[in-house]
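S.K.: What follows is a single structure, and I will ask about it in a moment.
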Amino acid sequence: MAYPMQLGFQDATSPIMEELLHFHDHTLMIVFLISSLVLYVISLMLTTKLTHTSTMDAQEVETIWTILPAIILILIALPSLRILYMMDEINNPSLTVKTMGHQWYWSYEYTDYEDLSFDSYMIPTSELKPGELRLLEVDNRVVLPMEMTIRMLISSEDVLHSWAVPSLGLKTDAIPGRLNQTTLMSARPGLYYGQCSEICGSNHSFMPIVLELVPLKYFEKWSASML
């Protein structure tokens, strides 16, 4: 859950988000080292009085600044590709949920059940109870079992939307006429909030997403009560 004046990411709840945080730290360190080197070279150029006017080329230096960036790009690309393959890999999901974006709400359908579907609208500020979050609460939460692989099928009925839950490392476009998929797995129970992340009209800011991850036995009770 985000909090005011937050500068970093939300706490990771899924293996994918943990990998993304590690990759962010890895890349940030490389950027920091490059920036330090460039700043050091610029400071030397501004402060030194030495010149070498007779030198027309330097093969050694040109070789270094050709090979070194290539090595740096490889160090960034390899872990990035690894995470991309992890995000695309979906093997034998325990549950499949179909998500449809509308102007301006979400609808969900549990495809493993015969008649389990509902719409999820934002609760207006005037109807919030004490302790509830403004612009983030919904009338129907998406209840899912924790520690299980869940496949989300995401599309749209009208315009472009984007289904995003930052703490789980999820952000998938909802495109009319196209079915995208992503996978999620939560390591612990809790409420996880997200919002539509693609400008989709006047009420774009009023399309929250709330996932409630619970142990399997509580999910079974909830699904039985909804049928």
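Cβ atoms here come from the backbone N, Cα and C positions, even for glycine.
Below are the features I grabbed from Swiss-Prot:
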type: BINDING; residues: His161, Cys196, Cys200, Met207; note: Cu cation A1 binding site
type: BINDING; residues: Cys196, Glu198, Cys200, His204; note: Cu cation A2 binding site
type: BINDING; residues: Glu198; note: Mg(2+) binding site
type: TOPO_DOM; residues: 1-14; note: topological domain 'Mitochondrial intermembrane'
type: TOPO_DOM; residues: 46-59; note: topological domain 'Mitochondrial matrix'
type: TOPO_DOM; residues: 88-227; note: topological domain 'Mitochondrial intermembrane'
type: TRANSMEM; residues: 15-45; note: transmembrane segment
type: TRANSMEM; residues: 60-87; note: transmembrane segment
S.K.: Six or more residues out from either end of the topological domain 'Mitochondrial intermembrane' (1-14), which same-chain residues have a Cβ under 8 Å from its Cβ atoms?
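M.R.: Distant Cβ neighbours of the topological domain 'Mitochondrial intermembrane' (1-14) are 20-21, 24, 166-170, 184-188, 190-193, 213.
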S.K.: What kind of secondary structure is His161 (Cu cation A1 binding site) part of, going by DSSP in three states?
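M.R.: Note: His161 (Cu cation A1 binding site) is in a strand by DSSP.
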S.K.: What are the other residues, in sequence order, whose C-beta lies within 8 angstroms of the center of the C-beta atoms of His161, Cys196, Cys200, Met207 at the Cu cation A1 site?
M.R.: Gly101, Gln103, Trp104, Trp106, Ser162, Ala174, Gln195, Ser197, Glu198, Gly201, His204
S.K.: Give the distance between the Cα atoms of His161 (Cu cation A1 binding site) and Glu198 (Cu cation A2 binding site), rounded to the nearest whole Å.
M.R.: 5
S.K.: Please determine which of the binding-site residues listed here (Cys196, Cys200, Met207) has the lowest count of neighbouring CB atoms within 10 Å.
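M.R.: Comparing Cβ neighbours within 10 Å for the binding-site residues Cys196, Cys200, Met207, Cys200 has the fewest.
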S.K.: Taking the Cβ of Glu198 (Cu cation A2 binding site) as the reference point, list residues of the same chain whose Cβ is under 8 angstroms away and which are at least six residues distant in sequence.
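M.R.: Sequence-distant Cβ neighbours: Leu160, His161, Ser162, Asp173, Ala174, His204.
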S.K.: Specify all same-chain residues, apart from the site residues Cys196, Glu198, Cys200, His204, whose Cβ lies within 8 angstroms of the center of the Cβ atoms of the Cu cation A2 site, ordered by sequence.
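M.R.: The surrounding set, listed in chain order, is Gly101, Trp104, Val159, Leu160, His161, Ser162, Ser197, Ile199, Gly201, Met207.
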S.K.: Quick one: of His161, His204, which of the binding-site residues has the smallest count of other CB atoms within 10 A?
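M.R.: Looking at the binding-site residues His161, His204, the Cβ with the fewest others within 10 Å is that of His204.
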S.K.: Could you find out if DSSP has His204 (Cu cation A2 binding site) as helix, strand or coil?
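M.R.: Reduced to three states, the DSSP call for His204 (Cu cation A2 binding site) is helix.
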S.K.: On the DSSP side of things, how many residues of the topological domain 'Mitochondrial intermembrane' (1-14) fall into helix, strand and coil, could you say?
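M.R.: Result for the topological domain 'Mitochondrial intermembrane' (1-14), in helix, strand, coil order: 0 helix, 0 strand, 14 coil.
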S.K.: For Glu198 (Cu cation A2 binding site), what is the secondary structure by DSSP, using just helix, strand and coil?
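M.R.: In three-state terms, Glu198 (Cu cation A2 binding site) counts as coil.
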